[in-house]
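Since the structure comes first, as structure tokens, the remarks are kept for the end.
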């Protein structure tokens, strides 16, 4: 104390933007976990707020109801699964087989991440209640990869590497054939070995390219 005047105490103050964003991320992550653990019907805003050490009022200030929080949590998980265009372009090394193998390996690896597993499981369990989450996930995360593969195939048709075909249809069938099986296995809790994945990927790419070989 100087001259009989007590120093002003500084309060905690408002959180920084970074801190607020981190807390929001924590809320969405926690919400998704609880929706998976308890199901949409049984999970409550009270449970989510308590687990993340927030008040219900704070949660309701952002989201008017449980469905809005659910959609936001799923949307955030979808955004984390989006493959940047630059990453896809980095896999395109000019060799068609290696490029397709790299893209398939990337997509399968993505699903095996904690975020990928949570997203697939929540879509599997709650898409009957929220059918739009499957569509949104495909449009934002799946379709761009298919479009990229279609572009790679279009170039391969143009330079005579493969026979004339419908690139977008082939790309869609390729991703379904190569990724869907391992994804179902991984989501069910059985992670294939790296050798098993490599064998499946290489076999599927050979099968595809043999079918598209110019005759």
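Here the Cβ of each residue, glycine as well, is placed from N, Cα and C on the backbone.
In TrEMBL, annotation is done automatically, which means it is predicted and not curated.
The residues of the DNA-binding region (44-63), classed with DSSP into helix (H, G, I), strand (E, B) and coil, number 14 helix, 0 strand, 6 coil. What TrEMBL records for 44-63 is DNA-binding region.
As annotated by TrEMBL, domain 'HTH tetR-type' applies to 21-81.
If you look up TrEMBL, you'll see 1-21 marked as region 'Disordered'.
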Arithmetic mean of per-residue pLDDT over the domain 'HTH tetR-type' (21-81): 96
Positions on the same chain near the DNA-binding region (44-63), where near means CB under 8 A and six or more residues out: 23-24, 26-27, 30-31, 34, 38, 69, 72
